[in-house]
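Quick notes on the structure that follows.
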Amino acid sequence: MSAPTPVRPGTPAPVSVRAPGKINVHLGVGGVDDDGYHALATVFQALGLSETLTLIPGGTGSILVQGRYADDSVPVGESNLARRAIDLLISTFAADRDVSVLQGLDIVIDKQVPVAGGMGGGSADAAAALVGGAHLIGGLDSAVLHDLAVEIGADVPFLLRGGTAIGHGRGERLSPVLTRGQFHWVMATSAGQLSTPEVYGRFDDLTPDPDPVEVPAEVLKALAAGDVDGLAGAAGNDLTEAALSLRPELAEVMEAGREAGALLPLLSGSGPTIGFLARDARHALDLAVLLQATRGVKEALRTTGPAAGAHIVHES
Ligand code: ATP
């Protein structure tokens, strides 16, 4: 048995933080702004499928990725989004707070959200690191955390907040959405990749002059009523055609889900994961079994939303 790593006296205790993955229940895409970003009108929903990060002070600044979706494509250096969040806290507050606890912070990521699937796993890690890092330096206002999250990426502010929310701008201007009950989703991951910039590029080719975007009122009404049929009739993702033209086999997965009784097959963000809306928990189980046996589906994962945003789960 190896000897336990010595902990320096006075070193703060590790802190564990959980942050959700997400699905875009609706994704409307408009024109491009001066910086080359598309105007979005999206409805995010936080999912039970979540990442857990443990921040361990007094280490060497290492990152360990473990769990179901740990793989070599997740960077463990300074480009890791959790590390970027900690580095941003250090650079922002070094002048007026003691941030030494964040220097040499080891980070363990329990990766339960599929990587590069359009479910915001990396952004969830950033949100979790912001919450844990803020806790270790004595706490921060939610408005300050929001602004830091925006600097890291457009999905990070929502994953801090969780629940269900409209995202405008690049997705970072949030307003909460009323929902009733839990929505049951089956997320079908796929073996191949889809690059986000490539999907938006294809969208531009297919839609040279997009209309200004707004979230349809029927989507909000259905969410407020917990009306899954209403939601299925009104929600959609403007990137679908672009994603399917790059990966035509995803159309077969969507069709298989429809045939299996899914109320709505929905591209998750820019894909390639497809989310299927189920009527209830039992329906989700039936769908997952059928989808798991479908060609082109790597895994069919059951989850529900809305779920909580990034929050501390354990402090030892
Ligand atoms: P998005 O839809 O925001 O483009 P995604 O949800 O499809 O992202 P992520 O799992 O967040 O996909 O990862 C996208 C890429 O970000 C990965 O391929 C990886 O190179 C990089 N990355 C950086 N930090 C992380 C992290 N902590 N976890 C996962 N990926 C990370």
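Backbone N, Cα and C atoms are what each Cβ position is placed from, and that goes for glycine too.
Residues or ranges marked as active site in TrEMBL: Lys22 (among others). Counted within 10 Å of its Cβ, the other Cβ atoms near Lys22 (active site) come to 33, all protein chains included.
Per TrEMBL, the feature domain 'GHMP kinase N-terminal' maps to 80-163.
The local packing around Ala116 (ATP binding site), expressed as other Cβ atoms within 10 Å of its Cβ over all shown chains, amounts to 20. Look at TrEMBL and you will find Pro114, Val115, Ala116, Gly117, Gly118, Met119, Gly120, Gly121, Gly122, Ser123, Ala124 tagged as ATP binding site.
Positions annotated as active site by TrEMBL: Asp155 (among others). Annotation note: Asp155 (active site) sits in a coil segment as assigned by DSSP. Cβ neighbour count for Asp155 (active site) (all protein chains, 10 Å cutoff from its Cβ): 28.
Across the domain 'GHMP kinase C-terminal' (220-284), the model assigns an average pLDDT of 95. Per TrEMBL, the feature domain 'GHMP kinase C-terminal' maps to 220-284.
Of all the binding-site residues listed (Pro114, Gly118, Gly120, Ala124), Ala124 sits in the most crowded Cβ setting, with the most other Cβ atoms within 10 Å. Annotation for Gly122 (ATP binding site): spatial neighbours Val74, Asn80, Leu81, Val115, Gly153, criterion Cβ-Cβ under 8 Å with sequence separation of six or more.
Taking a Cβ cut-off of under 6 Å from any atom of ligand 1, the recorded positions Lys22, Gly120, Ala124 reduce to Gly120.
In this structure the C-alpha atoms belonging to Pro114 (ATP binding site) and Lys22 (active site) are separated by 11 Å.
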